[in-house]
Every structure is written in C-alpha cells, then in structure tokens.
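Student: Quick one: the structure is below, questions incoming.
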Amino acid sequence: MSTPPGTERAVAWPRVGVVGAGQLARMLAAAAVPLGVRLELLAEAEDASAAQVVPATRIGVPDKDALADLVERCDVVTFDHELVDPAVLDPLAAQGAPFAPSPAALRMAQDKAHQRAILEAAGAPVPAHRLADDVDAALAAAEHVGWPVVVKAPRGGYDGRGVATADDPEGLPDAWASIGGGPALIEQRVPLAAELAVLVARRRHHGETVVYPPTETVQQNGICTEVIAPARVPDEVAAHAGKVAALVAELVAADGICAVELFWTGEQVLINEVATRPHNSGHWTIEGATTSQFANHLRGVLGWPLGDPNVRAPASVTVNVLGPGDGSDPAAHRSDALTIGDAAVHLYGKTARAGRKVGHVTVCGPDAETARERAHRAAARLVGAREPRLARGGGDPATNDPQRPALDRSGGEQP
Ligand SMILES: Nc1ncnc2c1ncn2[C@@H]1O[C@H](COP(=O)(O)OP(=O)(O)O)[C@@H](O)[C@H]1O
Ligand SMILES: [Mg+2]
C-alpha cells in the first residue's frame, strides 16, 4: 500500500476485512476480484448475501473479540453497514487498528442528530430542525420549524423506518409513537422537486477525493425504488449539489465512499443525510461509470489512486427489486428478465420477504426515458409482471405529486 513509512506495511495482495455481509459486501467482493484484493468477512449469518460468495467468512456479532480477530487477519477493515458500536472500535483504533472509515466518521453516520449538529455548525445547508425529548417538546419544536414536519429517530432507521410525518398538532402523537418515541429530530418537511445523491470517494492517508455526478433518487414509502444518473436537474443545480457534497465529505472525512443524500426544493439544495459506505444510489456505477463505487471504495480504503467517477453512457437507471407481496422469489423469474438483453440483473441471494430489497436492475441508454423504460420492464419481469408500472420519476406514486413524497410506513421489511 502507498502509505507513509512506518504506519502500515505495504502489501501487494492485501486483505480487506468487511464487517457485515449484506448486498454491499457482495458487490464489493465482485469489485475485489479484478483488483487482486481478497475479502475477509465478519457475517451475521452463514447464508448472508455476501457470505454466500466469499469463502473467508467468519460468523459472529461485531464485538471486541470478533473485531480484533478481523483486524488481525486484514490490512484494513471496512463496513457493510453502520450498525457497529464505535465504543467497541475506539480501543482497537487507539492501538492502530486500520478502520476505514474511522470510528469518528461512523459516529457521524450513525446518528442523524449528531450529524445535523456538525453540519449546521459548519454552516452547511440543512432543513430547519430541533431535537425533542418528549411529545410536548416535539409540539413546540414543530411550531418552531413550521408544519408539516418529519419526525425522525436519530439512530437505527433505514429504508424509511424511523421516519414519520405529521401535518398538524393532531397528527403529531401518532407520528411520535410510530417511531418509538424520543429523543427525535423534528424537522421541516421540505417541498421536494427531486431527491439527489452524490457519492464522494476519498483516498486513505492522502485525502484526495473524486466526486461522482449527482443522481436522482426516487423514494416510495420511504424506500428508494429508482435511481436516475445523471440527475435530471439544471447543470448549475448539479454543479452546486456536487460542491455541497464535496464540502460534506470533507467534514466527514470518511475513507472510501461517502454518500450524501440531498433535497432539491426547486430553489435550494439541502442536506438530508450522509452514509459512510457504498450506497444504493450508486449501484448504477457498476455498469454506468468508468469506476464503480465498489472499486473506488476498495481503492480508497487501501490508499490507492482513485478511479475516474464519470459516466460511460448518457443515462443509467437502476430499479430496485423488492420482495413481492405474494411471497414468490424474483430469482425464479430470472430468465424472463434476462430476455431484456441490455438489462444488467443483480440478485443478492436474499430471501424475498415482502418489501425487502432483494436485487436491482441497471440499464444504460441514450436518454433517461429509454433507460427507465427498459429497467422497469426487466424489474417487472423479476416480480412476475409482464408490463412495468412506470410512474413518473419522483414524488408520491399515489398522487404523482412531487411536492408530497410518500412517507407511508406500511410494507417495509428487515434488510
Ligand atoms: N425533512 C424532510 N422533508 C421532506 N421529506 C423528507 C424529509 N426527511 C425525510 N424525508 C423523506 O423520507 C425519506 C427517508 O428519510 P431519511 O432520513 O433519508 O431516512 P432513511 O434513513 O430511512 O433513508 C427521504 O428520502 C425523503 O423522501
Ligand atoms: Mg435516507
């Protein structure tokens, strides 16, 4: 590795430890092959998505002993998810354990309230918000930021879990209860012309970064269903979003990939949240960018030169495949989807519980509409439908109103 002398040994064939074995680790494994990198996993279960494809997998929870063992076996240790207690990482990091991202960066990614506080202190643009400990404080906070509001659990949420909305004081107690009570972030529900995401890759020990073109993400019921790259926003908005994300990435200083979720209100770019790992909004980069987010995550955490983040096609669209409600397995329909020859089909090896992300399809094409149509068609086939239901990108699929993104909490599942 290209590291300052004495900090870590240079290794021609490095081993990268990964805490967690979901689909991100599985796609990281695919990117590791051409780079000559070996992965060592700490998996939650033997049949976890990445555990199925990485022979060097140990099963266990990420406690002190398991992490020390992983550090011992590897040249650098990275993460498939944020659900690791930084207090367990701290003593190991103090002894020189090479965690990438650092425990400090993980702390910021894990806690939306902590994250908002750091971003706000740095003058970064975020929605108006307050932290509330109980429902009375939440009411006062909502009056302060203005109705309607979004109520968020600071920790442990994903795919819209831990997020609820309240239009008025009558609706607040239900929203408060649905996320399990406080402390919670109460924030202004901003109008959404589009949701954007920008990936930034950072090179360990060097601090260099590359910024991917902004993508547009479509959420339904709080879960990302579609990603369109590059985002269909004016050039100056895309350029501004890239600058905001680069500033955030600088603050977070997470080695490897950092994903910055943004709101475009039609007037302003605001920061929603930050993840310090490869992200669903970047799966299109596998086929659609010169260097995938997974390759750049490995290059970044290993301190290697980063690859070109730019697009290889005018438009790339990823459609997520969620477990259908009828309990059928999308893998059983694989051949049907593969008849769409320009669709890249990804299946994660996960049990298809209703609403759970079990795969995705990416199509690169001459324009966003063509790529969307092809990607939706292939994704529909995976869930046994002949024709796609092609909602307009963005906004509430029920009302097709981009000003009112759906935040219904029904139908989710564990990752
Ligand atoms: N302040 C807000 N205003 C409008 N919509 C919001 C706001 N906060 C969250 N949302 C909507 O809820 C979705 C999920 O919220 P987020 O905080 O990103 O949670 P998660 O951790 O589940 O991704 C967002 O992608 C967006 O569609
Ligand atoms: Mg989010």
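Glycine residues also receive a Cβ, built from the backbone N, Cα and C atoms like all the rest.
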Student: In TrEMBL, the residues Lys152, Glu187, Gln188, Arg189, Val190, Glu195, Asn272, Glu273 are said to bind ATP. Which of Lys112, Lys243 is said to bind at that same site?
Tutor: Lys112
Student: Which entry in the list of binding-site residues, Glu187, Glu195, Glu273, has its Cβ near the fewest other Cβ atoms, using 10 Å as the limit?
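Tutor: Taking Glu187, Glu195, Glu273 as the binding-site residues, the minimal 10 Å Cβ count falls on Glu273.
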Student: Over all pairs in Lys112, Lys152, Glu187, Gln188, Arg189, Val190, Glu195, Asn272, Glu273, the listed ATP binding residues, work out the largest Cα-Cα distance in Å.
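Tutor: Value for the max Cα separation, rounded to a whole number: 18 Å.
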Student: Could you work out which of the binding-site residues (Lys112, Arg189) has its C-beta surrounded by the smallest number of other C-beta atoms within 10 A?
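Tutor: If we count Cβ atoms within 10 Å for the binding-site residues Lys112, Arg189, the smallest count is at Arg189.
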Student: Any idea what DSSP makes of Arg189 (ATP binding site), helix, strand or coil?
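Tutor: Coil, per DSSP.
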